[in-house]
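Undergrad: My structure is below; once you've seen it, I'll send some questions.
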Amino acid sequence: MKIIMLGAPGAGKGTQAKQIAAKYSIPHISTGDIFRANIKNGTELGKKAKTYMDQGALVPDELTCDLVMDRIQQDDCKNGFVLDGFPRTIPQAKALDDALTKIGEKMDYAIDVDVPDENIVNRMGGRRACLNCGATYHIVFNPTKVEGKCDACGADTVLRDDDKPETVQKRLAVYHEQTQPLIEYYDKQGILKSVDGTKPMDEVFSAIVGILGE
């Protein structure tokens, strides 16, 4: 079972991807993890990626796809995998499809965790992070016991720059321009499934399990 998770930043697709991976005993694969692992292990692909990342540049699609293909051809992916954070653009999706076709494979599902922009801004604007230990909270869904203080270490919690409304709006604009076209792309392939991401996390997961089967 080969699955791609789609959805805007803050839609909760990463959380759902982890739960899918645990339930179906398949790896949860994020591009960030792949980059870090290859750089840490000093692979040739990792060295190439690091030269771009050190300059603050985006890693080219072709190299990112090579890294992903290298990962999904490892033994633990024989029964499937969940891709989280890749592909992000139509060129990446086409590169992935082409690479999979060469090894006689194809994606089975593209699951879109659908959340309106307004909900995303409110959801991310409520996030708080501990300045000291990095623990994360939410003022509505997962508040600290003492307002503004971390439950774990007692240090101050703050709204990160990444979660400020103006930053979230910019990230959403990029998503709508670059990533949302993937919804139509996978719909045309007949593998797109959409779930209502505004519902509680366990209900969203139940809906996904309903699509994938027990």
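The backbone N, Cα and C atoms fix where each Cβ goes, glycine too.
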Undergrad: Pick from 126-163, 164-201: which range does Swiss-Prot record as region 'LID'?
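TA: Going through 126-163, 164-201 one by one, Swiss-Prot flags 126-163 as region 'LID'.
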Undergrad: Which stretch, out of 30-59, 90-119, is listed as region 'NMP' by Swiss-Prot?
TA: 30-59
Undergrad: May I ask which residues of the same chain, at least 6 positions away in sequence, place their Cβ under 8 angstroms from the Cβ of CYS153 (Zn(2+) binding site)?
TA: CYS130, ASN132, CYS133, ALA135
Undergrad: Counting only residues 6 or more past its boundaries, what in the same chain has a CB within less than 8 Å of a CB in the region 'LID' (126-163)?
TA: 171
Undergrad: Using all protein chains in view, find how many other C-beta atoms are within 10 Å of the C-beta of THR31 (AMP binding site).
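TA: If we count other Cβ atoms within 10 Å of THR31 (AMP binding site), we arrive at 20.
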Undergrad: Using a Cβ cut-off of under 8 Å, list the residues of the same chain at least 6 residues beyond the region 'NMP' (30-59) that approach it.
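TA: For the region 'NMP' (30-59), the sequence-distant neighbours (Cβ-Cβ under 8 Å, at least 6 residues beyond its ends) are 14, 17, 66-68, 70-71, 84-86.
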